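Data block below; observations after.
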Amino acid sequence: MFSNRMFNILVPIISVVLGLIAGAIIMLGFGYNPFQGYLALIDGAFGNAYFFGETIRQVTPYILTGLAVAFAFRAGLFNIGAEGQVIVGWLAAVWIGTTIEAPMIVHLPLALFAAALAGGMWGFVPGLLKAKLGVHEVIITIMMNYIALYLTNHLIRNVLTDTKDTTDRVVESAALSSEWLMTLTSYSRLHWGILVALVAAVFMWFLLEKTTAGYELRSVGYNRHASEYAGMKVGKNIILAMVISGGFAGLAGAMEGLGTFGYMPTHSAFTNIGFDGIAVALLGGNAALGTVIAAFLFGTLKIGALNMPTGAGVPAELVEIVIALIIFFVASSYIIRWALLRLKKEGK
Amino acid sequence: MLDVLQSIIPIALFYSAPLIFTALGGVFSERSGVVNIGLEGLMVMGAFVGIVFNLAFVDVLGAATPWVSVLVAMVVSAVFSSIHAVASVSFRADQVVSGVAINFLALGLGVFLTKQWYGKGQTDMVSRPFYSTDIPFLADIPIIGPLLFQKIYLTSYIAIIAAIVAWYVLYKTPFGLRLRSVGEHPMAADTNGINVYTMRYIAVIISGALGGLGGSVFALTIALNFSQSTIVGQGFMSLAAVIFGKWHPLGAMGAALFFGFAQSLSVIGAGVPFLADVPKIYLTIAPYLLTILALAGFIGRAEAPKANGQPYIKGSR
């Protein structure tokens, strides 16, 4: 028999393979060569220094939003609000980055902290409502996403600027971008944020696996009632989980604001970094290391896809379909487990 | 005052219609115990099919084109939603996750096929959308006529009638009672000989048809073409209407009308005397803020169907 651990590793791998096969079938159906298509994708993600830099750049916020969703999941909560938390974190980082003057050693950490704080606050509201009133966090976080989107647009147009559609650039002392990394990767937008993301992943692993607070959070995620009976404060843990989760997502926003873009434009629609984080967390099995690996995969798919129209004539949206199917397969892990067990039995 | 109402009401009705249809779909699905975050994706699918069919068959069908487009969109979205049904009813997937996947998939498919068929990121504009009309006889009634029956989209009235039909079906027929019972207590329903899985499949597929209807009506009255940014949040707003309306068809309709009204205010607010001073941002975020307040119990308690979101596993307690 398969052990549980084996399943947890097999299901995501099988899901990715099935998703890619489905993508290949779609390409075949529309008269494309799937090998050419996927080769173009790989080339577009790793083919040269520029592409590689862009891939890592895309992986950076994915790691953080993936961690955000995964962290909440571990405490039994579904944070669909990563998207809104990204947006408010982005704004907070840019706000600090454009209005304050300080040496880098103070300014950059302050801007990052502000982003995490803003995201955390955005997570606090659904956390509080869940803890105190038992309101389901999914709907609240969806609503908070829209409030974040429209509110930040409003603030950019009316408070940060005088009816302009983008903020000023953040000053040098708050920027994550690096001339050295950019020249190294033929002027991609690669920035130091990847280090922040990796540190965040280690932080999450340490917090959840090695501390009492983390043990309580996981315990509340497994069984709320048993945890309460054991004397843990369930409400406090729910709020804490949402705040930390929001903090991760807020940092993802800072990656865009202080790194990739260096400013914040008004958004007519969502950035999708937060929504993609759901896919990342699911595929990564809601663990820190898994999330980093999954973020790497999705970053590769997203950036590689941009090369598919020129490399193989395939519309880049094919990758969106593949990602959606991967989510389906992971979500339907029950049926994959069932199929695996059947195969195993027949093999005997 | 009358002028103000005359400019607001038709626009409010116009913006509400797609939300009402989609929200009714949400009510069916959630009443049966299947959470449907995928309403947004179902609307995307409906909008895409509605526009593509309209563009392709306008020469053959002439004046009937938008009506047939809407029907085709309903059928395709119903079939599409069965993916959500299979995942969340048969495969016991997390319904929220499956709904998120529906949203990704619909947008991915829609834009992929648009690029495939039209060679660019958006379709052409349709040449035969729905037009506003005056309703015969009723339009001539003084005061009410100009307010409610002149320059109005028929789809708005169909939406309101659909809400009443949905209420009748859910609350006055055996089918509706069964559908609600599998959402409240599936095991009890099963014991009484109701097939929980069948009921949930039917409910999700109805929500697919209605979501597709909402999306295609939006596309053929408001957007008039399809692109990545045709449906941005209307599905989630409909979901909010479901909850704000306390999972009741007429409540959802009322909420959708209110959200449509709020949207129309942020569109034409500047022209309305007592609203011109209210910053637009408040009107824009009002629907979302109100939903949060409603859920938090400040505007009456919103109770979800008891078994909402839980897959039913035969034999488990």
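Yeah, the Cβs are placed from backbone N, Cα and C, and that goes for glycine too.
Per TrEMBL, the features are:
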TRANSMEM  A:7-29  transmembrane segment
TRANSMEM  A:59-80  transmembrane segment
TRANSMEM  A:86-103  transmembrane segment
TRANSMEM  A:135-156  transmembrane segment
TRANSMEM  A:190-208  transmembrane segment
TRANSMEM  A:238-261  transmembrane segment
TRANSMEM  A:273-298  transmembrane segment
TRANSMEM  A:318-340  transmembrane segment
Folded-back contacts onto the transmembrane segment (A:190-208), same chain, C-beta under 8 angstroms, at least six residues removed: 53-54, 56-57, 59-61, 63-64, 67, 70-71, 74, 112, 175-178, 181-182, 184, 214, 217-218, 244, 248, 251, 254-255, 258-260, 287-289, 291-292, 295
Tertiary contacts of the transmembrane segment (A:86-103), as residues 6+ beyond its ends and Cβ separation under 8 Å: 61, 65, 110-112, 114-119, 121-122, 145, 148-149, 151-152, 155-156, 160, 167-171, 173-175, 249-254, 256-258, 263-264, 267, 270-271, 273-274
Which residues of the chain, 6 or more past the ends of the transmembrane segment (A:135-156), have a CB below 8 A from one of its CBs? 72, 77-81, 83-85, 87-88, 90-91, 122, 125-127, 129, 164-167, 242, 264-267, 270, 274
Rank A:7-29, A:59-80, A:318-340 by Cβ pairs under 8 Å to the transmembrane segment (A:273-298) and hand me the top one. A:59-80
Restricting to the same chain and to residues at least six past its boundaries, which positions have a Cβ under 8 Å from a Cβ of the transmembrane segment (A:59-80)? 86, 119, 123, 126-127, 130, 137-138, 141-142, 145, 191, 193-194, 196-198, 200-201, 204, 208, 217-218, 220-222, 224, 237-238, 241-242, 244-249, 251-253, 255-256, 259-260, 273-278, 280-282, 284, 286-288, 290-292, 294-296, 298-300
